[in-house]
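**Student:** One structure, pasted below without further comment.
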Amino acid sequence: MDLLHLLVDNQILALVTIMAIGLVIGRIKIGNFRLGVAAVLFVGLAFATVEPQITLPPLLYILGLSLFVYTIGLEAAPGFFQSIKTTGLRLNVFALIMILVITFVSFGLIKLWGIAQPQGVGLFTGAMTNTPAMAAVVDALPSFLPEADKATLEMPVVAYSLTYPIGVLGVILSVAILSKIFKIDHDKEAEDAGVALQKLETHRIKVTKENLPSVTSMPFRFNLEIIVSRIEHNGKLFLPEPHDTVEPGDIISVVGTAEEVDKAAELIGEPLPGDHPVHDENLDFRRIFVSSSSIAGKSIRQLQPRLQGVLITRVRRGDMDFVAHPDTVLQLGDRVRVVADHEHIDIATKLFGDSYKGISDFNLLPLLIGMTLGLLVGLIEIPLPGGASLKLGSAGGPLLAALILGAVGRTGPFVWQVPFGANLALRQLGITIFLAGIGTTAGAGFAKALQDPTSLTVIGIGAIVTVLFSLMTLIIGYKILKIPFGQVAGMIAGMQTHPAVLTYVSDHTKNELPANGYTTVYPMSMVAKILCAQLLLFLLFL
C-alpha cells in the first residue's frame, strides 16, 4: 500500500511505473497471443481500480494521443490520398454502414434489457471507445432531461468507464481469434497488396529483341516495377541517359523483384547467368543515407538537375526496398543506392548528406507547427441540428493535418515528414502515455461502478456490442468484400478510433496494411460515431 500512496502523491512516477509494467506484461506471450502496448491500458485500469486516487493530468495523455495520431498520419499520408482515388470511398461507405448498423443493434439491446437511456448511450460510447462521442452525449443530455439530478447526468460517464476496457479487449480478441480461424498469412497478404518487404535483385539481360523503347521508358511501356541501372555496349559500361536505346547484343542490368526482372527478360531478350559486375574502372555503386533537409521532401525528378551523371536505382525506407522512380519523394532517413563514376558518387554523397549524426538532430519545428495546426483544426466547432456542435478534437484535428502535410512533403524550408526512426519512437511514446492516462481515468469510475448491481448487465451488453461489431465487420469485410484481413483489422481500429487496437494489429501483421485501413476510415468514423451517439440518444427518448 505504501507504493500506491507514493504513486498518488507523484503523478510522473505513476505514469512511468504504469508504462513500464504495462510494456513488460505486453511482451508476455500466451500461445501466439500477446497484448503488446495495449497492456498499458489495463495496468492503468488495475492501479486506479485498487486506488482511485491514482490519476494523471489530462494534458499528458491528450498530448500522447495527439502525438500518436500525428505521426501515424505522417507515415500514412502518401498512400492515403492514393487509396481515396481507388478503394478509399468504398471502404468509407462500408465503415459508415457498419457504424449505423451497430447503432440500431445497440438501440434494440438497450430497449430489450430495459437499461436507462443515459446509461445506454454511455454504454454505446464506451463499447465503441469514443471519448468525443461520450462528451457530446453529456453535453446534449440536459436538453432531454432538464430536471435531472447530478447522478443521472453522470450516468453516461459511469457506463462509459465500465464498457471502455471491453471495447478495447473485445476487438483485440476478435481479431486474434478470427486470424486463427481464417489461417491468415499476413506475409502473403502484404505481398499481394504490394506492401510486403520484397528483396530487390539485379540481373543482366542480353538484348535480343529489336525496336525496343528507350531504357528509361521501359518501366512505363512494359508496366513493370524495374529500372535499368547500366548499359554494356561493346564491352564498356555506361549509365543510361533519358533517350538511350539498346540494340541486339547489348547487355543491360535491370533492378527489380525476381518476378519483375523475369518478366523484363521475356520482353527484352535472354537472362545471363550470374550477377552484374558491380565494380568497374568507370562505374561504381554506393548506398547513401539521406540526412540533408535540402533534399528531403523532393522527388527524384526535381533533384535530377543536381544529379547529372548519377542514377538512383533503389530507395530503402525502414526495412523496405523499392525501385526508384522519377516521382519517388525522398524522406529524411532514406537510404538511396546510386550508380555513377567515382567522382560523381562523391558529389552525390555530399548532396544527400550521408550523416547518421545529422539525422539525429532533426528539426522539431515543423513537427510542432504541424501539431499546432492540427490542434487548432480540432477546436473548430461545426454546428449541428438541435443546437449541438461537432469538433474533431485532439485526435481528429492532428490526424487531418498530418495527412495533408505528409502528402505535401515540404513547404519552402519546412520538411513536414519526420525521419523514420524518430517517427516510430515518438509514436510509441505517444500511445504509451495515452493508454496509461486513459486507463487511470476509466479505473476511478470503474471501481465505484462495480458496486452497482446493474453494472454487470451494462458490461455484458457493452461486450456484446463490441464483439458483434468487430465480428460483423471482419467477416463481411474479409469474406464478402474481399478486403485483406490486415487492412480490415486496421479499419476496425479506425472505426473504434482506438490506437491500441492498431498497435496490436500492426505488431502481429508487421506490414503497412493495418495503418492504411486505419487512416482511411478514421476521420469519417470519428464524425459518424459522434453523430450516431446523439442519434441513439434521440431514439431512446422517443
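Start at 1 and count along the chain as shown; that gives each residue its number.
Glycine is no exception: its Cβ is also placed from the backbone N, Cα and C atoms.
Not my notes, these are from TrEMBL:
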- 188-270: domain 'RCK C-terminal' (DOMAIN)
- 273-354: domain 'RCK C-terminal' (DOMAIN)
- 12-28: transmembrane segment (TRANSMEM)
- 35-54: transmembrane segment (TRANSMEM)
- 60-81: transmembrane segment (TRANSMEM)
- 93-116: transmembrane segment (TRANSMEM)
- 157-178: transmembrane segment (TRANSMEM)
- 364-384: transmembrane segment (TRANSMEM)
- 390-408: transmembrane segment (TRANSMEM)
- 429-450: transmembrane segment (TRANSMEM)
- 456-476: transmembrane segment (TRANSMEM)
- 488-506: transmembrane segment (TRANSMEM)
- 521-541: transmembrane segment (TRANSMEM)
**Student:** Should anything in the same chain at least six residues away from the transmembrane segment (93-116) have a Cβ under 8 Å from its Cβ atoms, list it; otherwise answer none.
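**Tutor:** Distant Cβ neighbours of the transmembrane segment (93-116) are 123-124, 127-128, 155, 454, 457-458, 461, 464-465, 468-469, 472-473, 476-477, 481, 483, 491, 494-495, 521, 524-525, 528-529, 532, 535-536, 539-540.
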**Student:** For the transmembrane segment (521-541), find every same-chain residue at least 6 residues outside the stretch whose CB is under 8 Å from a CB in it, and list them.
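**Tutor:** Answer is 69, 91-92, 95-96, 99-100, 103, 106-107, 110-111, 117, 120-121, 124-125, 128, 130, 132-134, 136-137, 140-141, 144, 384, 386, 388, 390, 392-393, 395-396, 399-400, 403, 491, 494-497.
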**Student:** Taking contact to mean 3 or more CB pairs closer than 8 A (sequence separation of 6 or more), are the transmembrane segment (157-178) and the transmembrane segment (390-408) in contact?
**Tutor:** no
**Student:** Please list the DSSP helix, strand and coil residue counts for the domain 'RCK C-terminal' (188-270).
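**Tutor:** Breakdown, helix to coil: 21 helix, 25 strand, 37 coil.
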**Student:** Using DSSP, how many residues in the domain 'RCK C-terminal' (273-354) fall into helix, strand and coil?
**Tutor:** 18 helix, 30 strand, 34 coil
**Student:** Near the transmembrane segment (488-506), which residues from the same chain, at least 6 beyond its ends, have a CB less than 8 A from one of its CBs?
**Tutor:** 35-38, 41, 65, 68-69, 72, 91, 94-95, 98-99, 128-130, 167-168, 171-172, 174-175, 179, 395, 431, 434-435, 469-470, 473-474, 477-478, 481, 513-522, 525-526, 529
**Student:** Would you report the average pLDDT that the model assigns to the domain 'RCK C-terminal' (188-270)?
**Tutor:** 84
**Student:** Residue list, the transmembrane segment (12-28) vs rest of chain: Cβ under 8 Å, 6 or more residues beyond ends.
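**Tutor:** Distal contacts: 6, 34-44, 47, 54, 56, 60, 432-433, 435-437, 439-440.
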**Student:** Could you check whether the transmembrane segment (35-54) packs against the transmembrane segment (390-408) - three or more CB pairs closer than 8 Å, residues at least 6 apart in sequence?
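**Tutor:** The answer is no, given that the two segments have fewer than 3 Cβ pairs within the 8 Å cut-off.
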**Student:** Where else in the chain does the transmembrane segment (390-408) make close Cβ contacts, counting only residues six or more beyond its ends and a cut-off under 8 Å?
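**Tutor:** That would be 62, 65-66, 69-78, 80-81, 132, 136, 370-371, 373-384, 416-417, 497, 519, 522-523, 526-527, 530-531.
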